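Straight from TrEMBL, the features:
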DISULFID  CYS41-CYS44  disulfide bond
TOPO_DOM  1-14  topological domain 'Cytoplasmic'
TOPO_DOM  32-49  topological domain 'Periplasmic'
TOPO_DOM  166-173  topological domain 'Cytoplasmic'
TRANSMEM  45-65  transmembrane segment
TRANSMEM  72-93  transmembrane segment
TRANSMEM  144-164  transmembrane segment
Amino acid sequence: MLLSMIKRMSSRRFHGVVGLAAFVLLGVAFYMEYQMGLEPCPLCMLQRIVFFFIGLVSIFSALTANEKRRQWFSVTVVVLSLMGAALSIRHLYLQHLPVDDLPACMPGLSYMISAFPWQSVARAMIMGTGDCGEVVWTFLGVSIPGWTLVMFALMAIVNVWIAFRSGKQDVKH
């Protein structure tokens with residue numbers, strides 16, 4: 001029953017669901033930051049940016065694109081999801097390094113932006129800092145970057161399916 005319903009769903013609805021999921025995940029991230037007091041590290045910030053763009057592209061596709069353009073939006077979301085997955089994998093790698101092997105901790109992002117050249121800030125954000133190696137929260141034994149990796153993978157899989165499902169016309173429901 002559920003599988004047949006999923007097969008009948010239009011790509012427009014799938015994009016709407018992916019976009020909504022991305023913005024819900026951002027809401028969860030902001031809740032964790034402002035209500036639970038978990039300070040995001042540079043890699044967390046980059047993953048948030050990727051979720052924002054996935055949400056933006058998906059919602060834009062759901063609201064405006066025709067079926068052919070929606071395939072290109074799906075490919076864009078897949079590329080963004082793979083970028084986010086790479087950031088999550090780097091984050092997980094840092095979390096599993098011994099403390100002595102972690103990169104040096106750096107000042108807060110706002111200070112870095114005001115005091116360092118943008119190239120240094122970008123490199124620190126992409127490579128991660130010592131802050132990125134700290135596991136501050138887990139659910140079912142999986143840390144935040146582990147869950148973001150799962151979500152990026154799901155978003156990529158859904159969008160590959162949307163882009164390449166054979167012969168399906170966009171059905172209005």
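Keep in mind that glycine also has a Cβ here, set from the backbone N, Cα and C atoms.
Heads up, TrEMBL stuff is auto-annotated, nobody curated it.
With a cut-off of 8 Å between Cβ atoms, the residues of this chain six or more beyond the transmembrane segment (144-164) that come close are 11, 14-15, 18, 21-22, 25, 32, 43-44, 47, 50-51, 54, 70-71, 74-75, 77-78, 81-82, 84-85, 88-89, 91-92, 95, 136-137.
Per-residue pLDDT, averaged over the topological domain 'Periplasmic' (32-49), rounds to 89.
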